[in-house]
C-alpha cells in the first residue's frame, strides 16, 4: 500500500511538471506569434522607420549628476565579474542596498539616492548584465542562485555584513530571495511591486488575467527575438513601457523628463545591452517554486494599484509568508513604476518603516 502511494505521488508530480512545462512552451509560442504579427505590421506601415536607430555615443548629463552620488566599481573574486554602482552618503553609515527591476538600472533610484544619504550609505547597484556591470554571455550565468550570490558578495566587498534591502520589480524578486536564504544579512526588507515568489508562481497558474499580464516572462524564453523587438523603431517598446497610458507613469505622477527617458534608451541601446537583462528571465521557470520560502525579516511591501503587470491581490496573499512584522501599503492611481512616479510618498513610507520599532509576530 505504501509503495502504491509513493508511485501515485511520483506520478502526480510528473503529470504536474508536464502540464506546467506544456503551458510554458505553448504560451511562449503564442507570445512569439503575436509579436511576429506586430513586427510584420510595423514593417508594412514603414520599413525604414521600423529599422531606424539613432546613434547614441555619449550619455545624457543626468547620468553624471554629482548630486546623485559617486560612480564606483567592484570586482567580485569568485565570479570575476565587475559590478557598477552609484553610492551616496558617508562610508560607515548603515548600508541601504537598492536593487532595480526591468527594464531599469541604477538611475531608477535617483530620488532615493538623494533622500536617504543623510542617514545611510545608499548603494544603487547595476545588477548582473545591466548597464556598466559585466554581462556574461550564457543564460546559465543568470540563474537565481547566481543573482543571490552576487548580492551576498557585494555586501562582503563593501565591508558590510547586513543592510536595509530595497528591491523593485525583478529586483524585488531577488530581495525576497536574499531575505529567505540569508535572513541575517537583512535588517529590514522593503519590496516594491513584486509579491513573494511562491505567491507569484501559484497565482499565475490559477488566474488567467495574471498569466496575460506576465506574458513577457514567456516571450523572453525565446532566443534573440525579444532583444530585436525591443530595439525596432528606435526602442519604441522601451519608451512605451514608461510613457504609455496602459503601462506608463500616471498623469498625476512625477513623469520622466525627456532626459530621463533618453538615459534609459542610451543604456539599453549599447551593443548587447538587452541580452543580459532578458537572460535573467530565461531561467526563472526552472528555479521556482522555492523549497524554502518563509521570510523572518520585518517587511514593508509597497504596491501601485494601477500596476499593469501585477494583480494587487498577490500583495494581500504575500503576508502569509512573512513570519515577522509585515506592512502592506497600496497606493491608488499609481503605476508599476512606484518609486519614480511618487517618490515623495514612497520615501515618506520608507522613512516611517525604518524609524518604527518592529517586533516579531508570535
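Placement of Cβ uses the backbone N, Cα and C atoms for every residue, glycine included.
Given the ranges 18-37, 38-57, the record in TrEMBL names 18-37 as transmembrane segment.
Model confidence over the domain 'AB hydrolase-1' (94-337) is summarised by a mean pLDDT of 94.
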